[in-house]
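Novice: Have a look at this one.
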Amino acid sequence: MSQITDVYAREILDSRGNPTLEVEVFLESGAMGRAAVPSGASTGEREALELRDGDKGRYLGKGVLKAVANVNDIIAEEVIGMEATDQVGIDRKMLELDGTEFKSKLGANAILGVSLAVAKAAADEVGLSLYQYIGGANAKELPLPMMNIINGGAHADNNVDIQEFMIMPAGAKNFAEALRMGAEIFHALKSVLKGKGYNTAVGDEGGFAPNLKSNEEALEVIIEAIQKAGFKPGEDVLLALDVASSELFSDGVYTLENEAQPKKTADQLIDFYENLVNKYPIISIEDGMAENDWEGWKKMTERLGKRIQIVGDDLFVTNPKILKEGIDKGIANSILIKLNQIGTLTETLDAIEMAKRAGYTTVISHRSGETEDTTLADLSVAVNAGQIKTGSLCRTDRVCKYNQLLRIEDELDAVALFRGKEVFYNLKKK
């Protein structure tokens, strides 16, 4: 009864007003799955290809009708008749159909839309929530959220170099409390910024995007907001950064325009991070080095890898092959997991499995162009990832993931697990 009878894709809009793909998969039993595909602003060079039309007369060239046609005319024909419960077989079939390293023929957006919709249809067929279907009986850990409350870099039109300044309510006793703490700090931060005469407009991911005197001032106002909300920095709430430093790297030099000394070598940039880690309760830095600066990554891991989580995003692009190379070379100690960087659910699960076996932490992540789809909330619980990064405490495209996690926590009830600071299991205990 789980045979696929129809697959249909359409073009919809994402949270930035750009087109993206939505796919529906129908089964013989009447079960159905629907999935929408996200899109990134700062992307890694080795990410799977997001297929766009390039027709400047339509959606400024960003239409996805080619990807829609690839689903409706090519992929559908091949997967109709297959069992939706054969996730690996279906994903493998699509990879064979595409036949390219970066999914550039059919488009990773086309392939991922089908891959996720198939999983949702199969879950519907067997009467399970998506997290239970993917993860089985042991899927029970709610993730510690990384909440992006100040946006800079490619995610905002301001003068802040670092792309994301995040809070992690690690002192919370459960996910619902972590969410409440995050929301209260978010509102306190708005008040702090207003009091200093700063703009409180928000960026792509719902964080504030003011022009600040320095990157460090962003940390200062966040600390002030944490205290104003009645919490203790370093105890109740930890900080995390996403530097997206590939965007700052050119000709072997990193340029942080908002710093007194903008030009920095890899060593000087690591000094800069070390100073911040000594001064503020920073537990995690993502993409601290450019994706091709493996020497810089190695140095950063050696100097800071016992103290903080060093996350590879553009570095690893959720790709098991690249991750294996990083593990072998002792680079980073954590991987950011983005479904559309690799393009199938199966390959995503392979990357998570490999990371966990190597003692790397995993952070399930959204993209800056999101939709109302909440798959990644379910995925974070399915694999007991321990951490999720899905934006700020406003904008429905971000909050819908948090709300789905509240539902999952309710459903799991007494079985639900929330580990707070213990998610950083691979760091040296202080």
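Yeah, the Cβs are placed from backbone N, Cα and C, and that goes for glycine too.
If you look up Swiss-Prot, you'll see Glu205 marked as active site, proton donor, on the strength of sequence analysis. As annotated by Swiss-Prot, active site, proton acceptor applies to Lys338, with the evidence given as sequence analysis. The (2R)-2-phosphoglycerate binding site annotation in Swiss-Prot covers Gln163, Lys338, Arg367, Ser368, Lys389. Swiss-Prot lists Asp242, Glu286, Asp313 with the feature Mg(2+) binding site, giving sequence analysis as the kind of evidence.
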Novice: What is the number of other Cβ atoms found within 10 Å of the Cβ of Arg367 ((2R)-2-phosphoglycerate binding site)?
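Specialist: For Arg367 ((2R)-2-phosphoglycerate binding site), the count of other Cβ atoms within 10 Å is 27.
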Novice: What's the most sparsely packed of the recorded positions Glu205, Asp242, counting other C-beta atoms within 10 A?
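Specialist: So among Glu205, Asp242, the recorded positions given, the one with the fewest Cβ atoms within 10 Å is Asp242.
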Novice: At the level of the C-alpha atoms, what whole-angstrom distance separates Gln163 ((2R)-2-phosphoglycerate binding site) and Asp242 (Mg(2+) binding site)?
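Specialist: Roughly 6 Å, rounded to the nearest whole number.
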Novice: Taking only the Cα atoms, work out how far Ser368 ((2R)-2-phosphoglycerate binding site) lies from Glu205 (active site, proton donor), in Å, as a whole number.
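Specialist: Rounded to the nearest whole number, the Cα-Cα distance is 6 Å.
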Novice: With the Mg(2+) site defined by Asp242, Glu286, Asp313, which remaining residues of that chain have Cβ atoms positioned within 8 Å of the Cβ centroid?
Specialist: Gln163, Glu164, Leu241, Val243, Ala244, Ile285, Asp287, Val311, Asp314, Leu336, Ser365, Lys389
Novice: In which DSSP state, out of helix, strand and coil, do we find Lys338 (active site, proton acceptor)?
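Specialist: DSSP assigns Lys338 (active site, proton acceptor) to coil.
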Novice: To the nearest whole angstrom, what is the C-alpha distance linking the residue listed as 'active site, proton donor' and Asp313 (Mg(2+) binding site)?
Specialist: 17
Novice: Validating a neighbour-count step here. Other CB atoms within 10 A of the CB of the residue listed as 'active site, proton acceptor': how many?
Specialist: 25
Novice: Sorry to bug you, but what's the C-alpha spacing from the residue listed as 'active site, proton acceptor' to Lys389 ((2R)-2-phosphoglycerate binding site), rounded to the closest Å?
Specialist: 10
Novice: Name the secondary structure element type, per DSSP in three states, that contains Asp313 (Mg(2+) binding site).
Specialist: coil
Novice: Give me the largest Cα to Cα distance among Gln163, Lys338, Arg367, Ser368, Lys389, the residues the record lists as binding (2R)-2-phosphoglycerate, in Å as a whole number.
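Specialist: About 17 Å separates the two most distant Cα atoms.
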Novice: Highest CB neighbour count within 10 A among the binding-site residues Gln163, Ser368?
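Specialist: Its Cβ has the most other Cβ atoms within 10 Å: Gln163.
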Novice: I want to check the contact list for Glu286 (Mg(2+) binding site): same chain, sequence separation of six or more, C-beta distance under 8 angstroms. What comes out?
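Specialist: Those within reach of Glu286 (Mg(2+) binding site), by Cβ under 8 Å and sequence separation of 6 or more, are Glu164, Ala240, Leu241, Asp242, Val243, Ala244, Val311, Gly312, Asp313, Leu336, Val363.
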Novice: Between the Cα atoms of Arg367 ((2R)-2-phosphoglycerate binding site) and Lys338 (active site, proton acceptor), find the distance and write it as a whole number of Å.
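Specialist: About 8 Å separate the Cα atoms of these two residues.
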Novice: Tell me the coarse DSSP state (helix, strand, coil) of Glu205 (active site, proton donor).
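Specialist: DSSP call for Glu205 (active site, proton donor): coil, neither helix nor strand.
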